[in-house]
Amino acid sequence: MAGGVMDKEYVGFAALPNQLHRKSVKKGFDFTLMVAGESGLGKSTLINSLFLTNLYEDRQVPEASARLTQTLAIERRGVEIEEGGVKVKLTLVDTPGFGDSVDCSDCWLPVVKFIEEQFEQYLRDESGLNRKNIQDSRVHCCLYFISPFGRGLRPLDVAFLRAVHEKVNIIPVIGKADALMPQETQALKQKIRDQLKEEEIHIYQFPECDSDEDEDFKRQDAEMKESIPFAVVGSCEVVRDGGNRPVRGRRYSWGTVEVENPHHCDFLNLRRMLVQTHLQDLKEVTHDLLYEGYRARCLQSLARPGARDRASRSKLSRQSATEIPLPMLPLADTEKLIREKDEELRRMQEMLEKMQAQMQQSQAQGEQSDAL
């Protein structure tokens with residue numbers, strides 16, 4: 001009897017999270033990660049270690065003479081990773097050649113341009129008619145590698161971070177941290193934190209834990225916050241530790257560095273933050289804060305005083321989002337976009353005419369039935 005009363009009083013809203021979980025797992029997840037920093041800091045090795053895959057098997061390392069005049073290039077690599085029935089489409093954006101030239105003036109401009117181009121493409125797609133299948137190519141996170149051999153951030157590091165800190169979530173990383181003693185690591189971390197504050201460079205901010213979070217999560221969250229900038233070591237090689245256990249790490253004459261040992265480096269904290277706990281928040285900050293900031297700047301540029309008279313601005317304020325002019329496309333892309341929209345409008349018109357014909361036919365059949 002009590003069970004029957006319980007069933008009658010149960011509506012079923014408690015099952016809503018299960019619906020979202022099934023839908024999310026079926027759809028899969030997209031994540032775009034940018035890696036930047038000078039060559040030789042272990043960026044490729046760390047990425048392969050983080051995701052247990054080889055994204056750089058076809059890479060050719062240029063000779064030292066070729067690096068003298070090397071220019072920065074943007075490379076995009078994609079891989080689908082499945083774990084426990086959950087699929088993640090990972091897109092890695094690499095920046096080979098960054099900081100390798102003798103003259104590094106404005107070498108960060110291609111990176112800024114690439115990030116803004118992804119915002120521009122998303123804004124264009126979002127303002128179009130076909131909004132169901134928008135491909136999100138925006139950069140959700142940038143791992144910026146800092147040399148362990150300097151005394152903090154170099155002028156190039158500061159210039160790059162200033163140029164992108166309002167466009168992407170920055171996570172600073174000290175590469176090849178096994179070159180430092182523990183005391184040196186902590187001193188370098190504090191120096192970098194002080195410089196970031198002094199230069200007013202905004203890096204990714206961890207959201208505050210809810211009061212109802214369990215204590216283990218709060219402890220892990222505090223450890224991750226204290227680890228920034230993450231001092232990491234990457235390796236896909238399996239070696240034997242002092243207890244003859246197989247571990248991923250690096251063997252030296254003075255001992256073994258274990259990649260997944262929290263006493264040796266911050267690799268586990270970085271992977272936990274990047275994948276297990278804050279991946280979705282990185283995407284939300286990208287959309288709700290960084291992209292919206294770009295979108296607002298685009299709209300403000302259209303309504304600057306002097307660009308249009310007051311009447312034009314009044315008219316613009318009444319326009320819908322789909323009517324707002326977007327950044328100019330190349331002519332070929334514009335013609336292609338127009339053809340696609342014309343074809344979509346034609347299909348919608350045909351569907352509407354078909355529905356009207358069916359309604360008229362049903363109405364005629366109803367009138368005939370009434371006459372009989």
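Keep in mind that glycine also has a Cβ here, set from the backbone N, Cα and C atoms.
If you look up Swiss-Prot, you'll see 27-301 marked as domain 'Septin-type G'. The region 'G3 motif' annotation in Swiss-Prot covers 94-97 and rests on sequence analysis. Per Swiss-Prot, the feature phosphoserine maps to Ser211, Ser253, Ser312, Ser320. If you look up Swiss-Prot, you'll see Thr256 marked as phosphothreonine. The region 'Disordered' feature in Swiss-Prot is assigned to 352-372.
For Thr256 (phosphothreonine), applying a Cβ distance below 8 Å and a minimum sequence separation of six or more within one chain yields Val239, Arg240, Asp241, Gly242, Val247, Gly249, Arg250. Across the fold, the C-alpha of Ser211 (phosphoserine) and the C-alpha of Ser253 (phosphoserine) stand 47 Å from each other.
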